[in-house]
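Undergrad: Before I ask anything, here is the structure I am working with.
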């Protein structure tokens, strides 16, 4: 009863309290309206106001951080000013109709203008991106400036008025940011307009140059001077003026490309420095006492412990490869520097008689270069050029036999010499019939081709000696080259170097004939021309890259074992067992090569799906065994029932696993033959792995003795002789059992554990030999 009364009292109290609070609320609102409204809105400040303030501050900060756009504008202005400075004299010459410009200079001008247009296009793209970003900022600032939530009105709550000072300052900052952003946008727009006008003028200049080149190519074989017998005899000329006019245009091209292609030269210098330190470090390793005893005396002709001269030869020889668009003057100056280095090198390497021939080539080269500069239609300079051509032919005949002593294929020397002879004869004929510019081009191309052949032959010798040094050092230190066939390696590198020499010689040849641009354009058209085979569209460049990638991936997976210490599996030694990581790497290389080749081929995904579908039909009909072997090879790599070097038995074949391939594996038998086993047979057949966990073997030896022999003595002799052999496992006692009994003999079976299955033949031979000697001493007759 008391409990019930207490519950009723508590409920009454709670009801009174709740009702009183609800009733008092209207009264409080009437008595204290502002205080209640403030308490209500203080907890309901719009979150959008704070968000808008943060958004405006972010927009202002984005405009204030304008250093990147200003840096871009300044960089483009400086670059544009530099290019205009380079193009100004070129435009003046090209737009002067009476100004005669030789084709060599026109090609240099074309390269400069082409590079200027490429830079202008890149700048326009960068400025367009910057302009779009600035327009987005301007739009954002405009939206924020018109946003009513960032304004204070009379109807706003008192809590919002607390932000009055901050919002006023924010609106002023937005106004300033908008003006600053508009100024940047105006600067970008003006620069875009300037670049647009520059691109139009540059395009027009390029058209003018192309027209001049086309006109010059059409008249290249036309007579530009009188015949030799009709040429003026008393024509005077200014040496310095001819020198200046000849190299004026080439000098512009040379300076321009020398400034903009510094990254290519830097890469070349880095490669040469690596070559220098490679030889230097190998000589240092070879000089160590422990390696010197194995290597012996190093006798190299061209490389030394401090290979400065060989490195310079490599530098100047490879220079044209890193500057395929260089002007001919660049090739000529590079070749002159190379000849200077070669002169210093040959002074200490060849006999005085051979060195005299080399000096004749050097003098002839310098005379031809100077004569081409001074070449005009006067009879004496033309006769002098014919005399130089005759001297070049004579010197070439004397040197032809000497070149055969150099380590470069004779089949390369003969074509180069024939081209050299042909160009000199053409120069003489063209000179006689008034084509003096073409005669000069043929003359300088011939002499550079001859000197380039000599330098490339020396290049092959230097790199070959460096590789031979690496092989010797690597053989002593256990490096990669200690695991390869030396002769095959030398042949492989010689082929690569020969191909590189052919490429360099052809590149120099085309540049000096002023036809490199035409040849490259022709090759580009041939390789990039769209072709179709049914509904599949492709280009020859796709086919070329597809073939190259497949060839390289096959080559890498074939020889990648050298990098991972692969050794030849034989029965003459116990080969260390290796897992199938190498096979997995080969599989990864093949798959990556196939994927890259398919990507490079440009075959669309839908066409590839059709091909894969047809391949699936082929697999279902006639390629089941191939796919089965392929899948089995992958399963063998992961399941690892055997490894390389294991001794296995499959059907009637026994031997060591020499290689685990993708489709098949190789087994080496004790007879020396290699058995190629499909992986499907290895996975599905009953395979015995004698060396899965260890190389131990319980071998069996059968011995027949006479029926009257003392078996206890025979057992003792066998135990004694077995215990003396080192091949047995010491803690495993041999088992001697009677296998069979006949009328005159007892066959004893000996079971003994040996340490390696590979030692079984040796163990049996030694045991039977010792037992035979011991039985004779004890007069035990063997059957």
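Every residue, even glycine, has its Cβ placed from backbone N, Cα and C.
No curator has checked TrEMBL annotations; they are predicted automatically.
From TrEMBL, for reference:
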type	residues	note
DOMAIN	625-691	domain 'Mechanosensitive ion channel MscS'
DOMAIN	703-780	domain 'Mechanosensitive ion channel MscS C-terminal'
TRANSMEM	266-283	transmembrane segment
TRANSMEM	303-322	transmembrane segment
TRANSMEM	328-345	transmembrane segment
TRANSMEM	357-375	transmembrane segment
TRANSMEM	381-400	transmembrane segment
TRANSMEM	412-432	transmembrane segment
TRANSMEM	438-460	transmembrane segment
TRANSMEM	492-513	transmembrane segment
TRANSMEM	533-552	transmembrane segment
TRANSMEM	584-605	transmembrane segment
TRANSMEM	611-638	transmembrane segment
Undergrad: Looking at the transmembrane segment (492-513) and the transmembrane segment (328-345), are there 3+ C-beta pairs under 8 A, with each pair at least 6 apart in sequence?
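TA: Between the transmembrane segment (328-345) and the transmembrane segment (492-513), which are separate recorded stretches, there is contact, as judged by 3 or more close Cβ pairs.
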Undergrad: Taking pairs 6 or more apart in sequence, does the count of Cβ pairs under 8 Å between the transmembrane segment (438-460) and the transmembrane segment (412-432) hit 3 or more?
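TA: With 3 or more qualifying Cβ pairs, these stretches touch.
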Undergrad: Could you tell me what the rest of the chain brings near the transmembrane segment (584-605), counting residues at least six beyond its ends with Cβ under 8 Å?
TA: 536-539, 542-543, 545-546, 549-550, 552-554, 556-557, 560, 564, 611, 634, 637, 661-662
Undergrad: With a Cβ cut-off under 8 Å, give me the same-chain residues at least six positions beyond the ends of the transmembrane segment (303-322) that come close to it.
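TA: Distant Cβ neighbours of the transmembrane segment (303-322) are 264-265, 267-269, 271-273, 275-276, 279-280, 283-284, 287, 331, 334-335, 337-338, 341-342, 344-345, 455-456, 458-459, 462-463, 465-466, 469, 500, 503-504, 507-508, 511.
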Undergrad: Cβ under 8 Å to the transmembrane segment (381-400), counting only same-chain residues 6 or more beyond its ends: which ones?
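TA: Residues packing against the transmembrane segment (381-400) from afar: 228, 231, 357, 360-361, 364, 367-368, 371, 374-375, 413, 417, 420-421, 424-425, 427-428, 431-432, 436, 439-440, 443, 446-447, 450.
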Undergrad: Could you pull the average pLDDT for the domain 'Mechanosensitive ion channel MscS' (625-691)?
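TA: That region's mean pLDDT is 82.
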Undergrad: Go through the chain and flag residues at least 6 beyond the ends of the transmembrane segment (412-432) whose CB is under 8 A from any CB in it; none is fine as an answer.
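TA: Same-chain contacts beyond the ends: 227-228, 382, 385-386, 389-390, 392-393, 396, 400, 403-404, 438-440, 442-443, 445-446, 449-450, 453, 498, 501-502, 505, 509.
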